[in-house]
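Here is what Swiss-Prot says about this protein:
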{"type": "DOMAIN", "residues": "5-121", "note": "domain 'MTTase N-terminal'"}
{"type": "BINDING", "residues": "Cys14, Cys50, Cys84", "note": "[4Fe-4S] cluster 1 binding site"}
{"type": "DOMAIN", "residues": "143-373", "note": "domain 'Radical SAM core'"}
{"type": "BINDING", "residues": "Cys157, Cys161, Cys164", "note": "[4Fe-4S] cluster 2 binding site"}
{"type": "DOMAIN", "residues": "376-439", "note": "domain 'TRAM'"}
Amino acid sequence: MPEGRRFYIQTFGCQMNEADSGIIARVLLDAGFRRADTEQDADVVLLNTCAVRENAVEKIAHLLEHLKGAKKRRKTLQVGVLGCVPQHQREEMFSRFPAIDFIAGPDSYRRLPSLIDDAASAVRSAMLDFDPSETYVGIRQVREGRISAFIPVMRGCNNMCAFCVVPFTRGRERSQPLAMVTGEARELAEAGYREITLLGQNVNSYSDPASGATFSALLDAVALAAPDVRIRFTTSHPKDISVGLIDTIARRPNICRHVHLPVQSGSDSVLRRMNRGHGISEYLEKIRIIRDALPGVTLSTDIIAGFCGEREEDHRATLDLLRTVRFDAAFMFHYSTREGTLAARTLPDDVAETDKKRRLQEIIDLQQEISAENNRRQVGTVAEVLAESESRRSPGRLLGRTDGNRAVVFDRGECMPGDLVRVRLTSSTSATLSGSREGLIRAFLS
């Protein structure tokens, strides 16, 4: 393999994919590759893909067509498609897209240098085997900036929700050693990072391979290892979130008071068909426990409109749930069949597309009203905001987030991204709060 070949990664999808791209970059750098700033400067272009939502292949199809043209001009250019899409739709990759030289699933990144080497010999190659032990222990991600960092604490999912493709693209659950996670958190704190997010398809299922320690124990250990760093986590499953975890959040001041708890539907019958393993009464009890233990906590969720067999009364139950819980934010989608899932194999996709879209819009409209009202209640208060970046829409202002994950835009003054700032909130929309600086709590040491 020629020394110093340049690679460029384009990442699609979730936070886990962002973390995986950092792992991919580290593997290639350690093998002697160099990073390219743009696709045009690269010898190897890697697309790290997500298969969770509808039309995952179509999202990369246009880019692959562009790369097909680029390969005619640059004969040695190699293109690899990585992540969940090739793991889920392997047959389609090579047959439909001649630009692709190699594909690799989420458990194969350690072997990318040899895969690229094979593809350089004009052999289209694939590495898609699941590795039930692979958690990329010992590989430190390449990270952009020094404000926020992701640490994947576990990979895969055992829940087998009927609509979800994750168990088929990322395999069964396996966890990072607790000592490795806390050690990485400590390193990030010493390097000056302000925020760490612990990632997993279902973090509540975390189990230390050596001791069996739970996620609440891991979260507590990370909070102690990085006491001056904000600690977040995602994603939780309602049936698995524990009182012990909630108590840990309440006990440690640097664990953010924000819980993302996907409910998917407000109907018990739909939840049963989804194979979620809980009902609405159990979900509402978890919400009550969270709010009792964490005054002022912000809550977000996921909603799917138009799942198989959903009736109008099921849809109304979802709207009622939104009114009851009054989430601060929600990720909302209409159902689309994902090949290979339990729903695709056993349930008819029998809700009309027009009904799916109408129901989704009604959910969005209601949630925007609720989010707007929740944000209005924050106006007049003072919040601690971690400045993250320049505001794209408001020159001279910074965008940051509160402990509760509310987005805040405020006048920059002498502040910079990474500063922790006290901001008086003066106005709001359904998505964003605006305010004026009242003081600097802690400056970012660049």
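Each residue, glycine too, has its Cβ placed from N, Cα and C.
Overlay of Swiss-Prot feature records on the structure.
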{"residue": "Cys14", "record": "[4Fe-4S] cluster 1 binding site", "contacts (Cβ under 8 Å, 6+ apart)": "Cys50, Val52"}
{"residue": "Cys84", "record": "[4Fe-4S] cluster 1 binding site", "contacts (Cβ under 8 Å, 6+ apart)": "Gly13, Asn17, Thr49, Cys50, Ala51, Val52, Ala56, Gly105, Pro106, Val165, Val166, Thr169, Arg170"}
{"residue": "Cys157", "record": "[4Fe-4S] cluster 2 binding site", "contacts (Cβ under 8 Å, 6+ apart)": "Cys164, Val166, Pro167, Arg170, Arg172, Glu173, Gln201, Asn202, Ser205"}
{"residue": "Cys161", "record": "[4Fe-4S] cluster 2 binding site", "contacts (Cβ under 8 Å, 6+ apart)": "Gln264, Met274, Asn275, Arg276, Leu342"}
The number of other Cβ atoms within 10 Å of the Cβ of Cys164 ([4Fe-4S] cluster 2 binding site), counted over all protein chains shown, is 21
The correct DSSP tally for the domain 'TRAM' (376-439) reads 1 helix, 37 strand, 26 coil
Mapped onto three states, the DSSP assignment of Cys50 ([4Fe-4S] cluster 1 binding site) reads coil
Using DSSP three-state counts, the residues of the domain 'MTTase N-terminal' (5-121) come to 61 helix, 23 strand, 33 coil
Using a 10 Å radius on the Cβ of Cys50 ([4Fe-4S] cluster 1 binding site), the other Cβ atoms enclosed count 20
Looking only at the domain 'TRAM' (376-439), mean pLDDT returns 96
Same-chain shell around [4Fe-4S] cluster 2 excluding Cys157, Cys161, Cys164, C-beta within 8 angstroms of the CB centroid, reads Asn159, Met160, Phe163, Val165, Val166, Pro167, Gln201, Asn202
Taking the centre of the Cβ atoms of Cys14, Cys50, Cys84 as the [4Fe-4S] cluster 1 site, the remaining residues of that chain with Cβ inside 8 Å are Phe12, Gly13, Met16, Asn17, Thr49, Ala51, Val52, Ala56, Gly83, Thr169
